[in-house]
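Chemist: In case it helps, TrEMBL gives these features for our protein:
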TRANSMEM  94-115  transmembrane segment
TRANSMEM  135-157  transmembrane segment
TRANSMEM  169-186  transmembrane segment
TRANSMEM  192-215  transmembrane segment
TRANSMEM  236-256  transmembrane segment
DOMAIN    259-330  domain 'DUF1736'
TRANSMEM  318-336  transmembrane segment
TRANSMEM  348-371  transmembrane segment
TRANSMEM  377-393  transmembrane segment
């Protein structure tokens, strides 16, 4: 694993500071009012244990009106800000900016696993300045994304050290990974999705398997013509341990939220209460909308609620072409990345995983969420986008260099 040097850290921190210095003079807006100004969990007079009994907004998890967003470690950092400056917003924004710089630096280390040094710096700088992060960094409640991302990336980096000599298993990094996943999840729910990324990394990157190889091996084993290689058995053991630990975290979280999902109104998410096929067509269309925001963040919005994106009520709606094109493009990249074992396919695969898996909890595809589009939830998925862009730049520049030599 390549190390990062002081020059690279200074460059990234300097760029983040230049981009977000003006945010230090902002106040509290939108959800900041409920999470900061109206949240008694920030006050020193409130017992610390209360933070672990209430949701992100200070409402007891047992109450029906609770948002069920269990993020006690993020609220704990708000409480630290309150101790330092009470309700003066500058310290809150400063800590957000620092966290974004930390994430950008750790992301550089992750990039160096899959890209060359120059491309890694480009990916990290693009991540540091991407306009889609404006809400997550300048909105104080966006700290949940920032803080969770720190432990998200740390968990992944820890897992990459779990493979020892001769493909042996090193258990200490795996145990540390599980701990960091738990911490990331206590900052924001999407932290748990790093487990899926670790599983993909283990199978297709660390072990170098491809989909045809896995299918061939499974077919031979089922027909009784061969046995599962020892290396695959070791991989299965690691994945079973990781998935069992994750399942345990999920069970605990379900107990914490009282086995209930939050209730949202039509204003929060109109498609969630719409009939079939309007609900499915609209939710699937929101995927290319979010992808387009990553590619062309020219029209950002502080509140994508009622009316900002009209519902798709017919199969003949022209916007369905965007959905079809998006899935075709994503499917093509996915098939390429799991069929071949080259470095390029591995990079594309990890980029796709970073884009897709952390976005699943906010996708509305499995359960409704309290928004139509929220730019802050693209904070982690944008990492995959930045890797794809840097990888494309690397391929184009390498090809141009070869042509010039000829």
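Heads up, the Cβ atoms here are built off N, Cα and C, so glycines get one too.
Any TrEMBL annotation is an automated prediction that lacks curation.
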Chemist: If you average per-residue pLDDT over the domain 'DUF1736' (259-330), what number do you get?
Modeler: 85
Chemist: Mind pulling out the one from 169-186, 236-256, 318-336, 377-393 with the most Cβ pairs under 8 angstroms to the transmembrane segment (192-215)?
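Modeler: The stretch I would name here is 236-256.
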Chemist: Go through the chain and flag residues at least 6 beyond the ends of the transmembrane segment (169-186) whose CB is under 8 A from any CB in it; none is fine as an answer.
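Modeler: Same-chain residues near the transmembrane segment (169-186) but 6 or more away: 70-73, 148-152, 154-156, 158-163, 192, 194-195, 198, 234, 237-238, 241-242, 245-246, 249, 253.
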Chemist: Establish whether the number of Cβ pairs under 8 Å between the transmembrane segment (377-393) and the transmembrane segment (236-256) reaches at least three, counting only pairs separated by 6 or more residues.
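Modeler: Per Cβ check, the transmembrane segment (377-393) does not touch the transmembrane segment (236-256).
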Chemist: Give the nonlocal contacts of the transmembrane segment (236-256) in its own chain as ranges (CB under 8 Å, at least six residues past its ends).
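Modeler: Same-chain residues near the transmembrane segment (236-256) but 6 or more away: 61, 70, 159, 162, 169, 174, 177-178, 181-182, 185, 189, 192, 195, 198-199, 202-203, 228.
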Chemist: With DSSP, how much of the domain 'DUF1736' (259-330) is helix, how much strand and how much coil, in residues?
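Modeler: Per DSSP, the residues of the domain 'DUF1736' (259-330) fall into 33 helix, 1 strand, 38 coil.
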